[in-house]
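Visitor: I'd like to ask some things about the structure below.
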Amino acid sequence: MSKRRILLIFVLLAIFAIDLAFPQSVEASDTSNRVLLVYDSKNDVKNDKVNIDALQRSLTSMNLRVKTLQQSDYKKGMLSNKKYLGVITMVNWRQVGLTNQTFIRDRDNFSGIKLHIGEGLTSTEIKQLDSQVEKIYQQQLILSDGHDKETLPFKQSITVVTKVNKSAKQIGLLSTQQANQKRYPFGYINGKQGYLPFFSNEGLSLMVQTKMIAQLFNRIGKYQPLLTITNVTPYTNLATLDKLSLFLYKKEIPFAVSMTSVSDNAEMKAFDRFTAVLRNVENRGGIIFLQTPTVSSGIDSDGQIINKNFLTYIVSLARQQVFPVGISSEGFWNQDKILRTNSLKFADHWLLLPNGEKVNYVNEDNDA
Amino acid sequence: MKKFFKTCFINFSKWVSPALFGTILVALISGFILFVPPIHGLADNGDFYRSILSNGIYRLPTSYSQYSDYVIPKFGIMQYFNENNVSVLSSQTLFIQLALILNKLFYSKSIFTIQFMGLVYYLFYLGGIYLLINALVHPFRKLKHYFLALLIVLIFADSAYTLYFNSFFAEPGMLVLMVYICAAILSLARNVYSKRWPMITLFFVSTVLLVTNKQQNAPLALSFGVVAIGIMFLPHFKARRMATALGIIIVLLSGVGIYKSIGSEIVGANTFQTFSHGTLLETGDPTKKIERGGVDGQFALMRNENYYSKDYATLDPSSPYVEKHLMNKTGFGWIIRYYAANLKQFNNLLDLAAKDITAVQPRAVGDFVRNSNHKPGEQVKYFTFYSSLVGAFFPGKYAFDCLLAIGFIAVYSVGLYLDFKSNRYMGILRFFLIFGLMTIVIFVPIVSIVGDGDADLAKHLFLIPISLNMSLLVFVSDLINHTLWNTKGDKASV
């Protein structure tokens, strides 16, 4: 294989597999880190449920425990200062917007941290933000943060903050592309009240959003992307994986490998070969995350099967001197009672990846 | 005393023929297990959806799992447009639709109860059993013929078979049709009825329905084509010989048709399972073996994995990666070449199949309904004497099955030769029936292993124990009627 072809494979793999991931240790929880996320709609037609998934994952990475509710499921009194550190309102489909008046009333009375994402700011919220907002139409804005810039997709309408309180914090900057360029803050924090005009599940927006939410919830830490090679399985072309890890090692690029393992047949030569390459990855500074398998059905209703599988994965890998530093999974595993408690609990470090095409819950509880 | 019994028997035999006697016994024995609550049947192994959804039947929502553990007696009937495509083309649909009509007439328009499915098979089955016993014993009413009827009851009322009736599996249809096919040929061979065309029609209709009952039955068209050759030898039949030839062609075409109707998804599942449940089994470490065949050795780790994984999969077998790197390489030709290079492994797999021949009652699913004070997945033991006896003593070796087949064919070849010389047809028809049944015994295991590995093996072999039982019955009846090699004395055909 020529060098150019290896490079091509690398680039393809990188495009295919790099995901922004947020490794962070998770500690036992108490009420001081619980957040309530209320959204208007999943907006399945535009597949905007990926935004909810991305938000859930970044909150978890900040060691926040997030309870997710669709607005219609909200009942009076659910949101109280005793139970929650903060509340996040997410308008995911502007044509729907927030309609649950009970929630809006409870939110107005809530004195914890509040974040509004998307359009439909109420007058109380604007008052609490202590600013003025304006709806601008048909714009393609540029998001900048320090030296980083990103051209955002075209937006029909977007509500931006026009008058800024001096004590307020601004994270990221939105600018128009017209001659007399106008600038608006992207993330806006006034005390305990925060506002994001939209939430995106990728790119610079996701990083700036994460930074903003971390500041709002007083989370210290720097959130940096990690090059993660996902979709590695025991059936992957091992020569390519080996070459890729060598390439990254020589270029001194830190990386992680997220791989699934098998619960049977670990005595075969094929398994030895797989683990030999994984040992190479470890020796080259790559960190290994054990990825959760594909959920084929909800038959494992008490989680015994997945629990046993994980024990087998870990033991069979350890026998071959492969030691994953944590567990990686698609975001929905963290929103499922059975899957979460029987797999993710095996590790202190989680790597939550975007949901794939097949999302099969065993027992969804949206209470990460 | 002896005289008393004799007069009793004479009176009894005057009123009740052996066929009626046997049929009533089968009706009582299997009716009890199927319809007297708490009913018995077979639980869903996950395959029911294929036959029920396209027929407008759906699972009612429950708080518990409806798979494997218990028989689910109630289903819902769709009231509006059914959006499900016909996932699998099958003559099973005819039986289900008939059950649906009965259900709507006598029970409910919105709830389907599984007993109606059982009832449809049950009624057809009783008719078949009557024809079969009649074909074997007619016109005699001696004590030994009643014993032959009892033997048939022992074999065919066995709960291992009749439990299938209360389920949405395709197997009960196969059992019923197989009984009709054999009864039709035997009736023709022994001239039980004065007119021949009803039995010939019955044979061809049953055969076409059987071949189209399940896609894996496609190769059986050849076996039944062989059986149908016998019909050509019937006397005074010149004009209808063309019709029979046409019938054979229709049978063969139905085989081709059902084979062509196999969807790409099922082809994918079969290709995968032939690999994971076939080529990777019955051998040490297959890593290097499959590499020699040009497939990445890593795929050896897929040993024993199902295409439709039951719980979790390391890598989804239906993913494009598996299709590109595994399934596109392991086609039919590859499998043949692999087994040709690993004959010992292939022989081991055939022995595995031979062991499964006697496993008629599926052990993976329960036979009882919920709240019947039975454990999940528990098996019925009522009237399973014959199947457990055979299960315990029948040798699980493929070579034995072959020898048995050769034995049967050799024995009936003598009858064929003698009848051929003396211009009789009974031995000829019978020979082709036995010959066709034996091709099932020999070739179905090979086709199953090459086509789907050991996945669902016992169910793929379902027709083999029926074929063997049928041959045994023909043999016993020939011994009793003294017609094994000399059909001249057969009073039925005079």
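Any Cβ shown, glycine's included, is placed from N, Cα and C.
Straight out of TrEMBL:
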TRANSMEM  B:12-36  transmembrane segment
TRANSMEM  B:112-133  transmembrane segment
TRANSMEM  B:145-164  transmembrane segment
TRANSMEM  B:170-189  transmembrane segment
TRANSMEM  B:218-235  transmembrane segment
TRANSMEM  B:242-262  transmembrane segment
TRANSMEM  B:398-418  transmembrane segment
TRANSMEM  B:430-450  transmembrane segment
TRANSMEM  B:462-481  transmembrane segment
Visitor: Please work out whether the transmembrane segment (B:462-481) lies in contact with the transmembrane segment (B:242-262), by counting C-beta pairs under 8 angstroms that are 6 or more apart in sequence and asking whether there are at least 3.
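Guide: The answer is no, given that the two segments have fewer than 3 Cβ pairs within the 8 Å cut-off.
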Visitor: So if I exclude everything within five residues of the ends of the transmembrane segment (B:12-36), which remaining residues of that chain have a CB under 8 angstroms from its CBs? That is, six or more out.
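Guide: Residues packing against the transmembrane segment (B:12-36) from afar: 115, 118-119, 122, 125-126, 129-131, 133-134, 137-138, 140-141, 145-146, 148-150, 152-153, 156-157, 159, 162-163, 165-166, 380, 382-383.
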Visitor: Going along the chain, which residues at least six beyond the ends of the transmembrane segment (B:170-189) come within the CB cut-off of under 8 Å?
Guide: 51, 90-92, 95, 121, 124-125, 127-129, 131-132, 134-136, 156, 161, 164, 196, 199-200, 202-203, 206-207, 209-210, 213-214, 217, 224, 227, 230-231, 234, 425-426, 429-430, 433, 437, 459, 462-463, 466-467, 470, 474, 493
Visitor: Are there at least 3 C-beta pairs under 8 angstroms linking the transmembrane segment (B:430-450) and the transmembrane segment (B:398-418), leaving out pairs fewer than 6 apart in sequence?
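Guide: Yes, the stretches contact each other.
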Visitor: Based on Cβ pairs under 8 Å, which of the stretches B:112-133, B:242-262, B:430-450 lies most in contact with the transmembrane segment (B:145-164)?
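Guide: Per the Cβ count, the answer is B:112-133.
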Visitor: Which residues of the chain, 6 or more past the ends of the transmembrane segment (B:242-262), have a CB below 8 A from one of its CBs?
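Guide: Residues 88-89, 200, 203-204, 207-208, 211-212, 215, 217-222, 224-225, 228-229, 231-232 contact the transmembrane segment (B:242-262) from elsewhere in the chain.
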